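Written below as structure tokens is the structure these notes are about.
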Amino acid sequence: MSYLMLDLLSLDVSEAEAEMLRHPQVGGLILFSRNFTSREQLIALVQQIRQIRPEILIAVDHEGGRVQRFREGFTLIPAMGDILPAAKGDMALAKRWACELGFLMAIELLACDIDLSFAPVLDLNGISQVIGKRSFSANPDEVIALARSFIEGMAQAGMGAVGKHFPGHGSVAADSHIAQPIDEREGEVIFNQDILPFKELIFNGKLSGIMPAHVIYPKVDPNPAGFSSYWLKQILRKELGFNGVIFSDDLGMKGASFAGDYVGRAKAALDAGCDMILVCNDNPGVMTLLNGFVWPEAAPQHPASLLKPNMAQTALALENSARWENAKQLAEQIQLAQQAKV
């Protein structure tokens, strides 16, 4: 059971939303900026959610840079693409910084009882404006090195990592939130470049989850990756050996319209191999699925509960206030270094 992750409309849980959260197919909740005014309000909201569904996986997109949902009362995490330039190309220094920023991002969320950030971005920085500096670099080896360090920092705080957007979103100009991106490159290029960060981090056991792209790679497969059993079952599961959780990207995005209405999208994503599907910014769409979709009878083979934090590790990390404070100063230092270049 529990194949669906949904969201909330505002700063607290309405009665209708509470009923949805109690549905056995709901296993996750993603928070957005509209759900946040302050750290204190966020903690109260999470407590309200936990009273309704104590075990639910609470997630957020909190990568740093322009994709950071909570700001007031949180450290502003630099964009991942700013780390190596701020270190003036010193990879050893940049890796240390990436580790501390991963720790900082994770511990500030875990301190508010939020389980997961959908991070890091493993796309290569190419022509995609929606990716841009969300990516560590245009170079696969640099992405691998910095992402690995960032993930290790997250793990030291007790949080698992979700790599996105498999097999790579960086080489399409279109934004899948509002359009259907098509990557016309040959499969050989994708496998020799974009997929390398995913491959390497899976091989080294660093990824607990992966989110595929709503991108079509027609030279490889006619379906968007998130609706493609070739990409998810053949490549990701079989060839790369990934045994973590596969999250769909938001089924409300334009890039998901390929599969029809919400029922069609949910079926296509689950049939392709997703373990949990996200439906955001559309409560009627959620209700359509909860009331009108025939869900799989069996539980997900890779349940999203695998992404729950390592609470013993988190407890230790919360005691390390000196590391937390030093990481805050580092984040500010990197931000200032990049502002000075503008």
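Don't overthink the numbers, they just go from 1 along the chain as shown.
Heads up, the Cβ atoms here are built off N, Cα and C, so glycines get one too.
Substrate binds ASP61, ARG69, LYS164, HIS165 as Swiss-Prot records it, and from the list ARG22, ARG134, ARG237, ARG265 the residue named for this site is ARG134. Cβ neighbours of ARG69 (substrate binding site) (same chain, under 8 Å, six or more residues apart in sequence): LEU31, PHE32, SER33, ASN35, PHE36, VAL60, ASP61, HIS62. Cα-Cα distance from ARG134 (substrate binding site) to ASP249 (active site, nucleophile): 16 Å (rounded to the nearest whole number). For the recorded positions listed here (ASP61, ASP249), the lowest count of other CB atoms within 10 A around the CB belongs to ASP61. All protein chains considered, the CB of ARG134 (substrate binding site) has 25 other CB atoms within 10 Å.
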